[in-house]
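What follows is a set of notes on a single structure, which appears directly below.
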């Protein structure tokens with residue numbers, strides 16, 4: 001237990017967030033502004049505290065080399081950093097900020113694995129009593145320990161064993177594996193290069209996987225590849241502007257990522273893939289036919305995955321002839337930014353296959369959650385938003401902004417409905433109503449029917465609930 005020193009300053013600037021970090025024999029103490037993240041005082045200012053915390057930090061005295069350069073922070077809302085409110089409507093604007101955050105956390109996680117490390121973060125007020133517990137690991141008896149070998153991405157059940165009891169450290173450690181491919185999967189197939197498919201292909205290639213990108217025709221394939229190029233160019237341009245990349249580095253990175261994506265309109269090119277993900281039309285009969293083809297084309301050990309956000313996977317998995325190797329991998333839009341992936345297991349999915357799917361999601365920088373194979377997933381949430389709008393409970397702008405700022409969604413449900421396609425949502429809902437007539441949550445809002453009848457299909461038509469110019473909402 002440590003109490004404040006008699007000489008504790010009375011200047012209110014000292015009230016803030018105290019960050020104490022210890023790595024090996026060095027300790028760094030910083031006081032951060034809780035609102036902006038700016039470091040107001042660092043080790044030099046806090047040096048007098050060594051007498052107060054001397055016993056506590058006896059094993060790790062304050063470093064004489066001084067703290068690293070101070071960088072002003074910026075408030076991030078629900079993990080997504082927008083420079084201003086208008087940026088919330090630009091779906092790629094926060095991607096580079098997110099990637100920078102991941103890089104910082106990857107570095108921290110690497111330090112956590114290779115060095116005895118402890119880091120504690122406290123909200124400290126003037127005169128407040130604080131208690132700090134250090135779970136410092138014992139150093140190796142050898143003064144020159146052997147270098148740490150690269151780690152394979154662990155299963156979720158083993159992460160706490162590898163990284164102790166700190167939930168924060170576990171989260172950081174998961175991020176560290178975002179650039180580590182897993183041995184079971186080296187080549188990924190992506191079928192359907194539309195709204196979701198191009199983002200999944202880009203994410204996999206960025207993480208280091210070779211990707212076979214397939215579409216039904218050359219026009220669709222070219223459009224998907226062009227979207228990936230545009231997304232990478234935008235990300236890299238913002239990184240260059242911020243000084244995170246030079247132009248030469250950005251060019252090399254662009255060539256490297258695009259070089260791992262191999263486009264084709266021949267499904268037979270999927271044969272050597274270890275994992276094939278499909279993002280084709282949401283129609284059970286079409287998927288049954290497609291999975292029958294995949295089962296005959298892809299090597300027997302290959303895992304098949306659906307990005308469906310609405311259909312029960314068990315309804316078409318058996319058509320592949322390998323239902324034990326079929327899972328759901330439901331990404332969220334925009335794939336490049338959203339961290340969540342729903343990993344769906346049917347009654348027939350092999351547990352080992354399910355585990356590989358989850359670890360692969362971690363390896364591309366995502367956070368997997370296990371889901372039961374049920375119809376619905378995303379679309380019922382859109383239906384609820386449309387019902388609110390139809391009843392006049394709120395405007396579409398208020399509904400969208402509430403979900404963006406209140407729940408951290410990159411786009412609101414009405415915008416997302418436009419983005420997916422109102423005709424697609426109507427088709428899915430009508431199928432549900434027919435198949436599950438007693439399910440109260442499966443209803444077709446009148447406003448949705450009217451929009452489709454009027455030809456206002458959303459982004460693809462340039463007009464839905466909102467006006468659109470290409471992929472950008474006007």
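Indices start at 1 and increase along the chain as displayed.
Cβ atoms are placed via backbone N, Cα and C, with glycine included.
Bear in mind that the values here come from a model prediction, so they are computed numbers and not experimental data.
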Looking at the candidate ranges 134-165, 166-197, 198-229, report the one that TrEMBL labels region 'Disordered'.
134-165
Could you give me the DSSP helix, strand and coil counts for the domain '3-hydroxyacyl-CoA dehydrogenase C-terminal' (377-468)?
58 helix, 4 strand, 30 coil
Kindly state the mean pLDDT of the domain 'NECAP PHear' (4-134) in the predicted structure.
46
